[in-house]
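Beneath this line is the structure, given in structure tokens, with notes to follow.
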Amino acid sequence: MRILCTNDDGIHAPGLKVIEEIARALSDDVWIVAPELDQSGVSHSLSLNDPLRLREVGPRHFAVRGTPTDCVIMGARHILGEKRPDLVLSGVNKGRNVAEDVVYSGTIAGALEGTILGLPSFALSQEFSIATRDKPSWDTALKFGPQIVRKVLDAGVPKNTVINVNFPSCAPDQVKGIVVTRQGKRNLGFLKVDERRDGRGNPYFWIGFDRAAALDVPEEGTDLAALAAHYVSVTPLRLDRTDEAFSGKLGSILA
């Protein structure tokens, strides 16, 4: 099995080494194609107005000056040649990708691009807390990642579906199990615009997070609830975002 790995944290991110270890537990034919620079939050951006620079950083390890989407396309359609990958693994992201994160995440987008190309694809992310920010529980991803990917692959991944896996911020022996979840919804009151001034007095801004905002109270069955309870969250996400439930009513409204 030929595996293409990417991420959004960049070619030198520690989580990329973790995804490579997970991939090597499944196959010896592993290729790494990751962004030259950190691309967190770029979502499914595709570079159309800038050329892509490709740099080989080691055997089967390539850096692309572009987005995770660019990396998957470059890997599947150029670097790997005529022998296409059989699987795309994106991650392991430093930080969870749950709830509304799936819209912003470059990690999710890397896996979605694999799905668009007709390849079974997984996005993997490791949650951290304020206390473990500098040292996430990578061992948790290493322990549970290979078995989850293997079992889902053996069962078959439906067309146009990407598998979003999130590991809780705890040691492997503290994980209570693996649960299938749905995408949650968090309190977005924590988002804020942080205005500052440069040396010349001109304003500039950061999108920031208000740590004093009310904490999430996740609904049961969601990815947020699973992580809070120290479960590994596995969420199938569909490429087709059509709201089927509203389509009929919308048709009546517009008739």
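For all residues, glycine too, the Cβ spot is worked out from N, Cα and C.
For the divalent metal cation site that Swiss-Prot gives as Asp8, Asp9, Asn93, the extra residue drawn from Ser27, Ser40, Ser121 is Ser40. In this structure, Ser40 is the one among the binding-site residues Ser40, Asn93 with the smallest number of other Cβ atoms inside 10 Å of its Cβ. The residues near the divalent metal cation site, meaning same-chain residues not in Asp8, Asp9, Ser40, Asn93 whose C-beta sits within 8 angstroms of the mean position of the site's C-beta atoms, are Asn7, Gly10, Ala13, Gly15, Asp38, Gln39, Pro68, Gly91, Lys94, Gly95, Ser105, Gly106, Thr107, in sequence order. In the structure as shown, the Cβ atom of Asp8 (divalent metal cation binding site) sits within 10 Å of 31 other Cβ atoms.
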